[in-house]
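K.L.:
The coiled coil annotation in TrEMBL covers 282-315. Here TrEMBL flags 238-290 as domain 'HAMP'. Summarising the annotation, TrEMBL assigns domain 'Histidine kinase' to 322-543. Taken from TrEMBL, the feature domain 'Response regulatory' covers 567-684. Feature annotation from TrEMBL assigns 4-aspartylphosphate to Asp616. Among the features that TrEMBL reports, transmembrane segment is placed at 20-41.
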Amino acid sequence: MVISFFQKRLKDISIARKLYFTVGIMALLVTIELCTLWFAISTLTSVRAFVNGEGLWSKAQKDAVYSLQIYAHSHNEKDYKDFRDFLKVPFGDNRTRLELLKPKPDLQIARQGFIDGRNEPVDVDGMISLLRRFYRVSYLSKVIVIWGQAEQTMEQLIAISDKLHAMILSKTVSQDDIDKELAKAELINRKLTKLEDDFSFTLGEGSRWLENIVLRLLLTLSLTIGSTSILITISVSRSIEKGIKAIIDGATLIGKGSLETRVKVYSRDEIGMLARSFNQMIETLEHNMRNIHELKEAEEKLKKEKERAEASEKTKQLFLAKMSHEIRTPMNAILGFARLLEESLETKEQQEYIHIIIKSGDDLLVILNDILDFSRMEAGKIVFENIPFNLRDIIHTTILMMEPKSKQKGVDLKCYIDERVPEMVIGDAVRLNQILLNLVSNAIKFTEKGEIKISVTFVEENTDNISLAFSVKDTGIGIPLDKQEKIFESFEQATNDTARKFGGSGLGLSIVKQLVKLQNGEIFLNSKPGFGSDFQFNLTFLKSTDKTSITVPVQTEILIQKGKGINILVVEDNMINQMLVIKVLKKQGFKTDVAENGLIALEKHCNSNFDIILMDLQMPEMDGYEATRKIRELETDKKDIPIIAMSAHTFKGEYEHCIEIGMNDFISKPFDTKELYEKIHKLVIKKEGSLTPSSS
């Protein structure tokens, strides 16, 4: 009945909508499968966390009993204190269990209980969700019962320890009496060991049961997706085929002179419209057959209608032939060769054209990156780092990156840093740089003359933290008061005229607000139309004891001079990207060699001398990850060669994964040539600044 309903509905919609419907159904089913897979992975992760938590509970219990045994013979209060300290883990877990048994549990208390039980904070919410969602499942309910029994048994152990403690403090009890109490504690310890084993076995059975359910569910969903796609495809194709075949058969009969033939109309889509038009054409032709003149006119009209039908069909085929393709890889070639071409053009008109291409490409990348960051924040997947960095270097880097754009518009870019602001702080330098770049870029966009000033001032500090206030102030067009809250919303700008005149996706300020908020900061705006805008935000950093200053990136002119003599192996399977990277490197005096995949790269590295390797990640035969592992496993000095990953992938965690497997740095495509030079020299130049190029 449902299939019949859909078939009837599909007949009455256009071909384009049929395709949209088919793709939509497939996307929905795939989304459901992915959500199911995500849920399964999250649940299994929580089960793993429970297994780890049980291990912590068991270890703490065993350590506590051991400390109690030592105390029974040493009578040292430190040993008894160790016994109580070890019990903090079971106590914390027990608080969570008791809180979750309540009709309306306080989840904050439950979280703190698991954290006190030394469980990983990132796993705590998943463990709580597992208990609340699946407590009716037999395996988990049994686990909870065993858990409760263990806590009750633990209370018996605590009672014995209290009695033992009192006996020792009284100093009137013999060691034999103490040993008798200790023997009782050992019996309880054996009971706890049995309960711990039962807990682990039951949790393991539940995990295997859950894995079996997930596998069956995923298999069912996969079969559903496959069968649904086949059924929908067959239904749509048959519908189209039936209409076209009817028209073809009708045209064949008409060609044989059977003018009484009429084509059956099966649907209301373009094929049905064509069938109705075809029937009307036949009626017209039949009517005009009464005389030769009318017959010629009808034949001419038939010819025109046929040509129109063929053109329409050709258009549909071209429409169906369009496919989506990757963006970053071709954009790397577009921007890379455009920048190379920019340096060779002589006429002002040609330079203006190439500037437009580069700017449009850069704008597209900004929009893509903004949308990617925005989606990550929406999903809650932004992770902030806490590493020492030089705050003044971040400000200086922002100015270096934005100064060309400000000079192009004739706007001065200034900076003020309070002398009380420390050199080094601990926080996320990348996200701070992203906030400043967004704000300064926004200020340059809306400032036609005057200046833009970046300020950093001291707010307050305590033993561990320091709070700083950042400001990006411009002399631009300003923002009306009633629009100042709206501009922080996604895809919003102050006015429609602003959007048309200055462009932009409307995501930059929204991302800035989210990044500040996620770091427990606040952002403010003071603005008046015609007098400019002042974006201010506060952030708190950890204090750093590291006084080492991070070196400001090497100037491009110096890099150009030092490029000569450095031998680089470029590992890239895409011929266009090979050509681009080689031209960029050779233009600065670098020696280069090419390998189409990781296998060839490994062979060339072993047989030649290179100073550094630029490694693509996705390649046939052997990818960049495996090639890096093989190089790091070499038993010669060649295993220590610097490797920079080059990839169009910008997913969160890609950089960390590359560093983890042994790469030294990462640069994304499309790459900035200055950034590439800086990374190469950072890894090749010795501490004193001299080069040690290899002889090829």
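For all residues, glycine too, the Cβ spot is worked out from N, Cα and C.
Just so you know, TrEMBL annotations never went through curation; they're auto-generated.
Keep in mind it's a predicted model, so treat the numbers as computed, not measured.
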K.L.:
Under the DSSP assignment, what numbers of helix, strand and coil residues are found in the domain 'Response regulatory' (567-684)?
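P.N.:
Its residues divide into 56 helix, 24 strand, 38 coil.
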K.L.:
Under 8 Å between C-beta atoms and at least six apart in sequence, can you list the same-chain neighbours of Asp616 (4-aspartylphosphate), or say none if there are none?
P.N.:
Val571, Glu572, Asp573, Asn574, Asn577, Gly624, Met646, Ser647
K.L.:
To what whole number does the mean pLDDT across the domain 'Histidine kinase' (322-543) round?
P.N.:
79
